[in-house]
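As written in Swiss-Prot, here are the features:
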DOMAIN    4-204  domain 'Glutamine amidotransferase type-1'
ACT_SITE  CYS87  active site, nucleophile
ACT_SITE  HIS178  active site
ACT_SITE  GLU180  active site
DOMAIN    205-401  domain 'GMPS ATP-PPase'
BINDING   SER232, GLY233, GLY234, VAL235, ASP236, SER237, SER238  ATP binding site
Amino acid sequence: MHDKIVVLDFGSQYTQLIARRVRETGVYSEIRPCTVEADAIDALNPSGVILSGGPCSVYDEAGPALDPALLELERPDGTPVPLLGICYGLQAMAHQFGGEVARADRREFGRAQLQVPPDGQEKSLLFEGVPSGSTVWMSHSDHLTDLPDGYEVIARTDNAPVAAVRDTDGPYYGVQFHPEVVHTDYGRQILENFAHAICGCSGDWTPASFVEEQTETIRDRVGDRHVILGLSGGVDSSVAAALLQRALGDQLHCIFVNNGLLRKGEWNQVQDTFRGHFEMDLRTTDATDRFLERLDGVTDPEEKRTIVGNTFIEVFEEQTEAIAADLGHRPTYLAQGTLYPDLIESVSFKGPSVTIKTHHNVGGLPEELDFDLIEPFRELFKDEVREIGRLLDVPDPIVGRHPFPGPGLAIRILGQITRERLALLREADAIFIEELRANDLYDEVWQAFAVLLPVQAVGVMGDERTYENVCALRAVTSVDGMTADWAHLPHDFLGHVSNRIVNEVPGINRIVYDVSSKPPATIEWE
């Protein structure tokens, strides 16, 4: 049984990053909404609890409050469960226990120099190995002015006289800055100090240990029964297939559907990898005609998603019945590459929200198909799945691949989908990706792709006027896809890509580059 740190989510955009940073220190972490009661946290048997930041003020009526019973939690040895409050987490903790939090006249945002007096390092394990004068990242409006009884300041900045505190009677700490972001120089050290030195975690949780444990868990659960998996060629389903084959061998049956909306070369690449490299039972079917006939004339993105999703389910069920006929019985389990962010989206603290777009994952099959689910990665982040893929010898062109939406190129063609427009987009996209790889930029961005727009523009090729399609290029940097910034690719590089596409893809005469961040935009255009 591994040690565990629980992260309570108060609505911060960095909550997932906190959990990931803790895991990087070899300690397993889980996210729970801040509204969960202390008894439910206690049932998880945590070695420590981290309170995330958040957008609210402790004075907001709708602002989340801290359950005071958190300070009564004990570990099996009878010692208190340590707490670390980050930004709003610090303010909520201090406010709950009698401290004073003041509204700031203006927001403090950006880098600051952390001043840790020598006695602060001596008094607190939190700053062991953290030099005074190191850079930290501030992002807050309210600030702590009077400490709760028994608390003392252990660090400050020029603009924040209370940058970090501790309880002199218990293992309770708070910082006004964000140790989880890369802009905080020694942020990982601070989180490692909390997890290891303060919480006493051993740091034995690793992707390699996960593979061994999951392999045994899957074998024990499945026994001599059979599993099917919808293979898309993306990272999650591909690594899931490799793990399940390691555990089950020929009890795994993969289904790969060509919906006519794949990237250039993807249909052959996936078959070569999983039939050739892994020697899996891979059932393939080319349903291009069926998908494109149903998408004919459709322009609404939500309708596209619905058609692609429903048609996929139909084809998937046909292939499942064929597998059942070969086996003489229906497979018991359906495996999916669900990731931890997919789950914590439904449990994190949120205010009022609206559906922006239906989730890209079309692998969510209806209950009437009557499978038991196996989701081996439901507790992992994308970067952890990539690392596991490398441990399982999944080829790098697949394990390092950028995210690709379930509806495929259907939502990267704005407007009507035709075979001709799909061919244009595939070629433009392939050139963009090829050049990113050739210039060692592919791994520097979270996601990159081309989008075919529903407009045409005037151009000149030689001495002739052209009136052809406009193609947009999109590249973003991100940690988890929840927020993203447009990638600041070199202008010379973009110019070269533009020239190649316009000269090598007849039918496109103009290239534009998307410089929108998420939010307010989304990563995909539809």
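Sequential numbering from 1, following the chain as shown.
The backbone N, Cα and C atoms fix where each Cβ goes, glycine too.
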Q) How far is it from HIS178 (active site) to the residue listed as 'active site, nucleophile', counting Cα to Cα, in Å? A) 7
Q.
Return only the integer: C-alpha distance in Å from GLY234 (ATP binding site) to CYS87 (active site, nucleophile).
A. 36
Q | Site with most surrounding Cβ atoms, counting all protein chains shown within 10 Å, from the recorded positions GLU180, ASP236 | A | GLU180
Q | Nonlocal neighbours by CB distance (under 8 Å) for VAL235 (ATP binding site), same chain, sequence gap 6 or more | A | GLY337, LYS382, VAL385, ARG386, GLY389, ILE398, VAL399, GLY400, ARG401, PRO403
**Q.** Residue from CYS87, SER232, ASP236, SER237 whose C-alpha is spatially nearest that of GLU180 (active site), among the recorded positions
**A.** CYS87
Q: For SER238 (ATP binding site), write down the residues of its own chain that are at least 6 apart in sequence and whose Cβ falls under 8 Å from its Cβ; none is a fine answer.
A: LEU231, SER232, VAL270, THR273, PHE274, GLY389, VAL394, ILE398, VAL399
Q. To what whole number does the mean pLDDT across the domain 'Glutamine amidotransferase type-1' (4-204) round?
A. 89
**Q.** recorded positions listed as HIS178, SER232, GLY234, SER237, least Cβ neighbours within 10 Å
**A.** GLY234
Q) If you count the other Cβ atoms within 10 Å of each Cβ, which of the recorded positions CYS87, GLY233 comes out on top? A) CYS87
Q: Quick one: pull the CA-CA distance for ASP236 (ATP binding site) versus the residue listed as 'active site, nucleophile', whole Å only.
A: 33
Q. Where does CYS87 (active site, nucleophile) sit in the DSSP three-state scheme?
A. coil
Q: Work out how many Å separate SER237 (ATP binding site) and CYS87 (active site, nucleophile) at their Cα atoms, rounded off.
A: 37
